[in-house]
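Trainee: Take a look at the following structure, please.
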Amino acid sequence: MAGLMAGFGNFTHAVVRAIPESLAKDALRMNKFDVDLSKAQREHELYVNVLKNKLGLEVVELPADESLPDCVFVEDAAVVCGDTALITRPGAESRRKETEAMKKALTDLNLNIVEMTDESASLDGGDVLFTGREFFVGLSKRTNQRGAEILADAFKDYAVSTVPVVEGLHLKSFCSMGGPGLIVIGSSEHAQKALKIMQQMSDHRYDKLTVPDDIAANCIYMNLPSKGHVLLHCTPEEFPESAKVFEKLKDHMLIPVSNMEKVKVDGALTCCSVLINKRTNV
Amino acid sequence: MVMCQVTMLDGSQFPCEVEKRAKGQYLFFKVCETLNLLEKDYFGLSFKDNTDQTCWLDPLKEMKRQIRNAPWNFSFNVKFYPPDPSQLTEDITRYLLCLQLRQDIASGRLPCSFVTHALLGSYTLQAELGDHDPDEHRTDYISDFHFAPSQTREMEEKVVELHKSHRGMTPAQADTQFLENAKKLSMFGVDLHHAKDSEGVDIMLGVCANGLLIYKDRLRINRFAWPKILKISYKRSNFYIKIRPGETEQFESTVGFKLPNHRAAKRLWKVCVENHTFFRLMTPEQPTKAKFLTLGSKFRYSGRTQAQTRQASSLIDRPAPYFQRTSSKRISRSLDGAPVISVISDGSGPEGGKENGRDPALELSSDSKEDEEPSDGAAAAATTAAASNSAEEDADESEATLRKSKLRVQGENIYVRHSNLMLEDLDKTQDDVLKHQASISELKRSFMEATPEPRPSQWDKRLTASPATSLRLQAQGKSPPRMETFLPESKDVVKSADDKQKSEAVAAATAAQPVVEIEETVIVEEVRKTPKPAAAASEVLEVQAVASQEPQEAAKVAVEEKKPAIEASISSDSESEEEAEYHPQTTSVSVEQIKEEPEEEQEEAELNKQEPSPEPEPIAVAEPEIAPAPVPVQPVVEDGTPNAKEEAQPVVDVVDDGIVEEEMMLTPDEAPNGYSAEDMQGLGSLEEEEQEPRMNGDASHVETEHLPQVICCSEPPVVKTEMVTISDTFAAQKTEIATKEVPIVHTETKTITYEAAQLDGSGDGEPGVLMTAQTITSESLCTTTTTHITKTLKGGLSETRIEKRIVITGDSDIDHDQALAQAIKEAKEQHPDMSVTRVVVHKETELAEDED
């Protein structure tokens, strides 16, 4: 019997979504970059392939919706922890409808669905860092206090602390979990500052792994029955220095995954999937 | 005799007859006895006061004085939630903790998810009903149980499903599983209090084993771990914490919160003091030394700390006591919504729980913690109003009036959150380095507060005049060593003996001096301390009495004589509790070392309040005389290696035109008797400290070399203290610092304390025996030097402590740094084999002006 808060990183399913053609032109982005659509699509295929074939997750692939240029970034539409899925209310108006398909997919997976209906609330999943013991929610351009409150209500077992995100898009634009109790963090000043706040706010101790590039700090950690610690991280081509740091993780099965095109529209590795564990959790 | 009703955790009632003047502990021990509970330190009795607020029954005080007009109904509850219940020794303790948590969960005070409700519920079924029996346990068998504030059919089905999966699990195992899961809940053991931040925004303050948590709605917006908190205080309805400076900060900052009323502020403060002591310290802190009559509450946690109780528990050697895990009693009561209410409303107490002094009425209005009590926001409001009324009743009338007039001024303090405050966690080195290298001239720098020299409060004076006082003085001739035979804890013993001697000495010394009032205050001090030993006197006492040497008549007499005085002081306690402060760990040194800085920032306004007193007002000058007893006992480790140990603690007090005191304690660096290296490093390991209380008493720890390491200085807050507001980190980072006014306190009192970290962890409970104590006094024109030497024998270790006090009275301006340096130098020269453990310079030039 898996107890409460056991099995961090244990996943059986993933929800992903295809890239619409509108992404290249219409997807939101903080900087003006031209996106090579076909390259982005190839990149995404590889990503899904890793989840499905290399890691053996059951992958639910939602079709692209041309009216939702950012829809590939499914992470923002839902926060799943244990049996509960919180359907968010994304901060960007143009992305609100992305949650519809997500809600359906998660309902089909038999999760307890909690919806964020409050019109004053906004929350992007990219601002939610779940450490296995607690949540940190970045208060950013996309996520507000009310959104964080609703998240806290949805996941009552856990402490939910807020962290200001003053630069970058999301909280997870410069950090993520690299293992149980291991926070991967970028080197920028605001990233380091956010880490300190998280450490201060927590009753738990976290180790940190600092990588030179903020966006490289966004990686995907899993703990899979047959594979142990798995880490999907940036490729050496994109971030050579940061990749070297990841290579020091000896206990992890390291899988570099290219994210060159999607990053141009502020998509990080975690953005492109919602990971679910249907096996344990009581 | 009075009949008390105690509501037990299983919902049953325990009637108990007590004497009208019985203390809280009498009833508590009766209850524990009935429960067959040995690990009792995690528990407490609570009651509802006449404003319907839940309070913890102070074991050391008379019950009657605490409950006042409220009915004699109490509730047995968990007071300190052990963060790791698996470390409890006995199943029965775990069982009781389970019962408390089930109440907490069912009432909504401990929020959890659907799945968690179901999981915990299933363990409850397994523990109480055993394996699922398909014949006996049809689906409705669980509707008698109350697992969640709102229990659905779906949840019950889930519970049953999970119950089936626990087949074969014993009740004790099921309880353990229950606790292993419950302890991970984020609100486990968090005692919430309503408050407002500087902007009037509603927040919740949560006190727990690790520190203080700040919540806005459900979100945690800040956290102050105990090691970061230098001081906890309250003043009227304001509650303050002073925060250790962060990496980029030079100054401490003070964070203020507004509580609904004075009593709420005081209750929060008490809970903080208790939780800090219980979870962070090795031994309880001594009650405030009378030297610095802080006017405020002298309240200190008097029970055993977690470390002590664990140690004691490890010695439990009895077959597991039989107890019945029957759900029947609870089913008819707490497991069902309605009965709970009735239980509570009949005044019998928390039932649904108000552990940790929680105040159900207040919690009602929090959305995260609903209480099962019928009234909602209205009740909270009502109680608030009521509480403030009674708060005033508390005080003397004159006081009340005065307070009103001061309130305007007081209430306007603006606190501004300091932006870097919360970022300092990782960085302790600077702080450390500073302290480590602190030279005499730096003493003043790091920790400064004002000490308007308080006048003795009314009870002090009353005591002075009381017969008890004179009796005590007469008892002087008796040999102090005898005293401790009756006292449960060595340090108390030594301490009181110490005080006594000191006071005698001082009294004698000052007889011919201008400072006449010393005598009074000193006496007060003695009296002040006695409640502690008396209180601690639970089981330990018996053991002690047997173990230690023959009781002597003389000693007995002395002890008895003390009694009236003790009571007097207790009874008058509440009158002067307008505010109080507490220093969690000024220096990460353990309790004994943490001296109460005389840094009361009380404004004169408050001093004035105290003035209307029955006794002739002593000259303010007198007070500082009463140096806090330097807690000279170094506890000996349980299995202590028989190392002879010596300590010397000169105390130097210097008094000048106002008063300057220096107090110095010497302790030889020495013997491996169980101090951990970590302790020695003092602040060096802030982060580690957060993880666990320092286990000085642990045999495995090795004592290291040490030099005095910790230094704190006090000076007027005008200089150093920034008043800071609470707001969340976000605001902090956005630097929305609305710095408004820094409240300025005019005061001319200064205290500098220098402490060695070395004594850290002293007082691990092993009683010591005071071997000898002598006091030598020498006088010159304007200087009085009192040397006080105590030898204590504890478990084969002998320890010598020299305390030297120099009181300088005069008009000349004394250079403190020099005086201090000189004192240390002399002490070192005179006792080269000993180390200085504490030096206090206390100076009072003139009374501060009223800031009004």
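Glycine residues also receive a Cβ, built from the backbone N, Cα and C atoms like all the rest.
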Trainee: Suppose a student reads TrEMBL and sees A:ASP70, A:GLU75, A:ASP76, A:ARG95, A:ARG142, A:VAL265 listed for substrate. Which of A:LEU28, A:LEU195, A:LEU224 should they find annotated at that same site?
Mentor: A:LEU28
Trainee: What does the structure give for the C-alpha distance between A:ARG142 (substrate binding site) and A:CYS271 (active site, nucleophile)? Integer Å is fine.
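Mentor: About 14 Å separates the two Cα atoms.
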Trainee: Specify all same-chain residues, apart from the site residues A:LEU28, A:ASP70, A:GLU75, A:ASP76, A:ARG95, A:ARG142, A:VAL265, whose Cβ lies within 8 angstroms of the center of the Cβ atoms of the substrate site, ordered by sequence.
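Mentor: Near the substrate site, beyond A:LEU28, A:ASP70, A:GLU75, A:ASP76, A:ARG95, A:ARG142, A:VAL265, sit A:ALA27, A:PHE73, A:PRO90, A:ALA92, A:GLU98, A:ASP124, A:GLY126, A:LEU169, A:ASP266, A:GLY267, A:CYS271.
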Trainee: For substrate, with binders A:LEU28, A:ASP70, A:GLU75, A:ASP76, A:ARG95, A:ARG142, A:VAL265, what's the maximum Cα separation in whole Å?
Mentor: 15
Trainee: For each of the recorded positions (A:LEU28, A:CYS271), count the other CB atoms lying within 10 A of its CB, then report the residue with the highest count.
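Mentor: Max Cβ neighbours within 10 Å, all protein chains included: A:CYS271.
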Trainee: What's the CA-CA gap between A:VAL265 (substrate binding site) and A:HIS170 (active site, proton donor) in angstrom, rounded?
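Mentor: Just about 13 Å between their Cα atoms.
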Trainee: Please state whether DSSP places A:ASP70 (substrate binding site) in a helix, a strand or coil.
Mentor: coil
Trainee: Between A:ARG95 (substrate binding site) and A:HIS170 (active site, proton donor), what C-alpha distance do you get in Å?
Mentor: 15
Trainee: Would you find the one among the recorded positions A:ARG95, A:HIS170 whose Cβ has the most company, meaning other Cβ atoms within 10 Å?
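Mentor: Going through A:ARG95, A:HIS170 one by one, the largest Cβ count within 10 Å is at A:HIS170.
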Trainee: In Å, rounded, how far does the Cα of A:CYS271 (active site, nucleophile) sit from the Cα of A:GLU75 (substrate binding site)?
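Mentor: Roughly 5 Å, rounded to the nearest whole number.
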